[in-house]
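Notes follow the structure.
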Amino acid sequence: MYQKSLLFSLLASSALAAQFPIPDSKGSVTFDEPYEIAAGETYDGGYKTYGRGVSCTGQSEGGQDDTVFIVQEGGTLKNAIIGSDQIEGVYCLGACTIENVWWEAVCEDALSLKGGSGPYNIIGGGAQGADDKVIQHNSGGQVNIDGFTVYDFGKLYRSCGNCDEQYARTVTIKNVVANSGKTLVGINSNLGDTASIDSSTCATDVKKICVEYKGNDTGAEPEEISEGPSDACQYSEPLSSC
């Protein structure tokens, strides 16, 4: 009887540990159009849930008009929950800070970096349920991801593999908690991309940690070159389990 009780307790603890730690919502807001955060301004969402009142269209490509928030150069979005009733999540059109922002269910992408040259700072927060990418990096420059939590995902970060204009992009990842994913990071090493993953990051049931692709500007599907630690994918394996 004691052994059965102990087993039940361990299973219950494991289940609780695997729950996505999204904060409790303080209310809900539905926008008729994207909410624009002006250059240099900060929007504090007060941990309310924000959406667009629409159904996710899966991996069908949306656009800027489908976003919940648009952040202009130097803007900050913080303390917000992005609901499941949206298509494109958040766009940064220049350097931005995304702090303690949570996605309850990713649709096409959670966060798209579309303009400027950074830096783009993602601090805290988290996302779950991404069939493909969580953070899509189309512009150039530096991305810093610190303290983000990601569950049930395709890729946490992907440097655009086939954009019309390509750049050498850099991403640093630390204090990230990753659970049940296909790839943590995807970069285009032939274009000069680099990824640095600190040992403070943990990964449980993540198939690939860092994948190098042959990026292009033709729109073709990029070819996977290699995976694992290298000059471009800078980390020590294995990462610890979460």
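Using N, Cα and C of the backbone, Cβ positions are placed for all residues, glycine too.
Residues annotated as N-linked glycosylation site in Swiss-Prot, with sequence analysis given as evidence: Asn216. Taking Cβ-Cβ distances under 8 Å and a sequence separation of 6 or more, the neighbours of Asn216 (N-linked glycosylation site) in its chain are Gly161, Asn162, Gln166, Pro222.
The region 'Disordered' feature in Swiss-Prot is assigned to 217-242.
Per Swiss-Prot, the feature signal peptide maps to 1-17; the stated evidence is sequence analysis.
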Non-local residues, at least 6 beyond the ends, that sit with Cβ under 8 Å of the region 'Disordered' (217-242): 161-166, 177-179, 185, 187-190, 193-199, 201-204, 208-211
Helix, strand and coil totals (DSSP H, G, I; E, B; other) for the region 'Disordered' (217-242): 0 helix, 8 strand, 18 coil
Asn216 (N-linked glycosylation site): secondary structure state under DSSP, collapsed to three categories: coil
